[in-house]
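Straight from TrEMBL, the features:
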| type | residues | note |
| --- | --- | --- |
| BINDING | D:T54, D:V214 | pyruvate binding site |
| ACT_SITE | D:Y142 | active site, proton donor/acceptor |
| ACT_SITE | D:K170 | active site, schiff-base intermediate with substrate |
There are 4 protein chains.
Amino acid sequence: MSSFSKKNSPLKGIVPPMITPLNQDGSLDTESTAKLIEHLISGGVHGIFILGTTGEFTGLSYDVRRELIFETCNRVAGRVPVLVGIADVSLEESIKLGAYAAEAGAYALVVAPPFYMNIDQQEMCAYYEQLADAITIPMYLYNMPSHTKLTIELDTVIKLSAHERIIGLKDSSAHGVYFQSLCHAFRDHEDFMLMVGPEEMMAETVLMGSHGGVAGGANLYPQLYVALYEAAANRDFEKIKKYQYCVMEISRNIYQVGGFKSSYMKGLKTAMSFAGLCQAVFAPPLYPFSSGDVEELRSRVEKIDALLKENQL
Amino acid sequence: MSSFSKKNSPLKGIVPPMITPLNQDGSLDTESTAKLIEHLISGGVHGIFILGTTGEFTGLSYDVRRELIFETCNRVAGRVPVLVGIADVSLEESIKLGAYAAEAGAYALVVAPPFYMNIDQQEMCAYYEQLADAITIPMYLYNMPSHTKLTIELDTVIKLSAHERIIGLKDSSAHGVYFQSLCHAFRDHEDFMLMVGPEEMMAETVLMGSHGGVAGGANLYPQLYVALYEAAANRDFEKIKKYQYCVMEISRNIYQVGGFKSSYMKGLKTAMSFAGLCQAVFAPPLYPFSSGDVEELRSRVEKIDALLKENQL
Amino acid sequence: MSSFSKKNSPLKGIVPPMITPLNQDGSLDTESTAKLIEHLISGGVHGIFILGTTGEFTGLSYDVRRELIFETCNRVAGRVPVLVGIADVSLEESIKLGAYAAEAGAYALVVAPPFYMNIDQQEMCAYYEQLADAITIPMYLYNMPSHTKLTIELDTVIKLSAHERIIGLKDSSAHGVYFQSLCHAFRDHEDFMLMVGPEEMMAETVLMGSHGGVAGGANLYPQLYVALYEAAANRDFEKIKKYQYCVMEISRNIYQVGGFKSSYMKGLKTAMSFAGLCQAVFAPPLYPFSSGDVEELRSRVEKIDALLKENQL
Amino acid sequence: MSSFSKKNSPLKGIVPPMITPLNQDGSLDTESTAKLIEHLISGGVHGIFILGTTGEFTGLSYDVRRELIFETCNRVAGRVPVLVGIADVSLEESIKLGAYAAEAGAYALVVAPPFYMNIDQQEMCAYYEQLADAITIPMYLYNMPSHTKLTIELDTVIKLSAHERIIGLKDSSAHGVYFQSLCHAFRDHEDFMLMVGPEEMMAETVLMGSHGGVAGGANLYPQLYVALYEAAANRDFEKIKKYQYCVMEISRNIYQVGGFKSSYMKGLKTAMSFAGLCQAVFAPPLYPFSSGDVEELRSRVEKIDALLKENQL
């Protein structure tokens, strides 16, 4: 079990929201999982976050979720912290999965609000407190209004941060004012981790003092996002410009094929299948690109690969 | 297992979305469940729908969901059709619960779209088809955009209605044009059940030819909603006026105490606890009213009780 | 000036939101305006509402708005009440236009909330009260959340209804529960007019006791909507079924060509141009259909024409 | 008339969206206008933007708008560029106001999409092109989805940027990914101005290479925002930290009194009235704070004043 604790140094850097490698029958592709973990760690990531939105956590059965937790914690074997998403609509199922993750050696849990009922902030607050009381390892809040319909408002974050096991927040809202408000509120609490989800915003928020990013693209190109993070942390503007360019090209080209609401998910996992990191197999309700979209993506990925090569990444 | 089939007469009337009676420790309150079922059946309801939004399905563990299915099917014992909500974010978990419900003797399943990912209509369509292929009893679509962020668009409903196991739709959107568009599209398919969720709209939609309503208030006052349904089905405008008045008074008074997004849920279940039909115990993220709100509700319920008495209901 | 007053009988029936006939140069097509007015009155409408959303009021210059008011009041010459939309973002401009309309002989004004600022209900309430104090003829509230981003909440309507010059509400929200809540709140105030915008919901809401509809399609086929209104008012279900079928066919076919957010506007005005009732000229930001869309629409309109002929409409 | 032209150096720095000083009777407070302009220019601002959202443009009559344009251009007298908001729902009214502003000596126009109709990107594009063709001075796009319901999508901006008179965009969406996508798309077009509205995001976006900010708070404390802009442009992180702290304190304290949707507007203008820069008079639908809210604001403003004094601002 984790020996990390709050009031220690917060997690910093790039923590990819790991995609979940699947076999055609929906079972966990353990071979790809092992390969992907090595790819990430050798790419320099500072942690691995499994069972997030990019990990298609909602589409997986509980059996697959548990298997992924077990496999990942075992494979990673303490080399980097493992963060485990346990968001659910049922508090009891979240608690069960959290206990399993703690037992498996996870560093911390990541929890979006329960995402079906329309609730008020006081209900959200009570929910998080019940959960935090029931788990044994630290927990990050996960703000994801586009998927949960709910925003964890600033005052709620402040209130929850008093709980000894709530140690930070990942914000995927893409709302720049919200995130700066968090940075301001926690300016004297360096130990409260603040990271953004959207990789396009990572550099600027690190420049402003936040801790890093949960960058989906780091599944494919971990070294790029690590290099951008370090450039931002070191205020090396020449490198920021160079790497941010690459990140934006990925965003513009890989995440938008086909015009689906899920194009990011489909583009990322399919591009990773080109690199042999997983199969292009999705959990329902997602399904693979048409062959036309695959070919369009392939030609785009080739250009990105060449671009990164030029940049020695 | 069910002997009902598509191309037979569709379900009509009042099908309450049954609240889930819970004990303080979160387990199923089986005694109240039994009592509530008798209350509903003796009140004349035409079916019972468990594990809907009003049933707090998302807040329940899978163990409790299965127990509720088993208890309900056993207690009802074929006296009215039992509909079981199996909406989930994981297709596999939906299928498992659907198989359990079929085995337990459910009449049909009710399924909202997977409610986390932002998906397109074609993905939603594929999802429903995979599910319908994997289950063995009929299924109703459940349109609930306020909670799922997704609308099952008219053309998707039309396409899905071709599946032999998809036999109707419950619409909780409160969108009058959407519902009339459904009624028009299925005007020659009397066997495709169309019901509204919001009880305030039930009478008018039945007047226009739809099949009934999934009225939450029927948990408390089943005879009122049955009487209103029958008045509408019989085009008895004097009775419609009288009973619609009661339904609107309930809506205005019982469902709006405290100004919570969840006031409907809290008001209904708490009012039912006054009548001894369940405890005022909720699944997280909901929790009980403050004592001030309870007292406010109590005085409102007393007036409603008196009103119904006046109307011999 | 109007001799109608509150506490008299409310307006009932079909009040088409008249489209604004325009010339290519953006000026008012007065000839078509005259023809259209005769078409509507001979079709049996119970009032004419100019400068609503269907009338493209926002796209018109104030000169054109005033000219339309003058022309319409003059042409109608008291044969039916003329309602004039004066919604604006500037209270002062609304008041000026309201004074002009009163002078021209309008029966009443119709006002949506100011549609740019995000405001609270108390600000909306104060705004309406200032406006109502400053005008000299009656006023209808206009609930149109899809365009204004604001809902006139039930309690706000109730509060505003106390003003002697606020005599009703047109609801274009398509929200069935909202509208039934209004009907319930005003059940003992028969003089407070309640009408729905979406023509697909008109029959059912009239059956439930409301006063009629502001039906866009009545620009083209006034006699159909009048017939449906009368069928609903007379509870003649055979006729309701027949005419509702026609209304839904129009909705499904004429209002959805091309898949634009503005397909309703484009389809209606273009179809009217086929009938010689106006030119297919729009105020920016709308513009005409492509020729492909025009041909698609033409063939659909021919089928609708034949259908209405069959029904002697 | 302006001698600035596209393909010259873009506007950079702090361009406050000037509040509109009003008298109790709704007329322009020309004395305060003159004083405010001197306050801004002596505070070092790089331009002045009148008739934006902060300028309550929608609440003003056209007479007041024209007077404000005339007064501002005259008073500023070329010392800094004057930008004039001409957003409207009527293209014709926009064009008229744009001609007036050009005549008065405005540097450029600023235009949000027409904000009532729900339109598609191609309609928005055509609208902007018609407008740009009809005006004689440069124009900035204004992305303000919270008020207009419409986003000017990236591809639309790219397309419109080809027009010789469209020279930049102000983004008030607060959407960090959207803004970085713009920065990336225009990375080789240094002359296409990109500024953010929300002042909380200004520093970070300038660090990433954008041109400045349309900071509302600069109405009150111009020197602070100018100092923060310069610190960001010079990558002086010590100063960024110090000034960003002040900006966030303003955001947290001055813009959130009373919990209104319009608290930003009310707080800013009322705080400015304390400093004698204008009266606390608003255009409807806004109205003044209650006296309790005024006192709360006053004590907050005193703290901010002290904070800025400490920082020699």
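Placed from the backbone N, Cα and C atoms, the Cβ positions cover glycine too.
Inclusion criterion for the recorded positions D:T54, D:K170, D:V214: a C-alpha placed within 10 angstroms of the C-alpha of D:Y142 (active site, proton donor/acceptor); this criterion is met by D:K170. If you draw a 10 Å sphere around the CB of the residue listed as 'active site, proton donor/acceptor', it holds 27 other CB atoms from the protein chains shown. In the three-state DSSP assignment, the secondary structure recorded for D:V214 (pyruvate binding site) is coil. Cα spacing between the residue listed as 'active site, schiff-base intermediate with substrate' and D:T54 (pyruvate binding site): 14 Å, rounded to the nearest whole number.
DSSP assigns D:Y142 (active site, proton donor/acceptor) to a strand in the three-state reduction. In sequence order, D:P17, D:M18, D:I19, D:G216, D:N219, D:M265, D:L268 are the residues near D:T54 (pyruvate binding site), counting only same-chain partners six or more apart with C-beta under 8 A. The Cβ of D:V214 (pyruvate binding site) has 28 neighbouring Cβ atoms from other residues within 10 Å, across all protein chains displayed.
In the three-state DSSP assignment, the secondary structure recorded for the residue listed as 'active site, schiff-base intermediate with substrate' is strand. The residue listed as 'active site, schiff-base intermediate with substrate': 27 other CB atoms within 10 A of its CB, across all protein chains.
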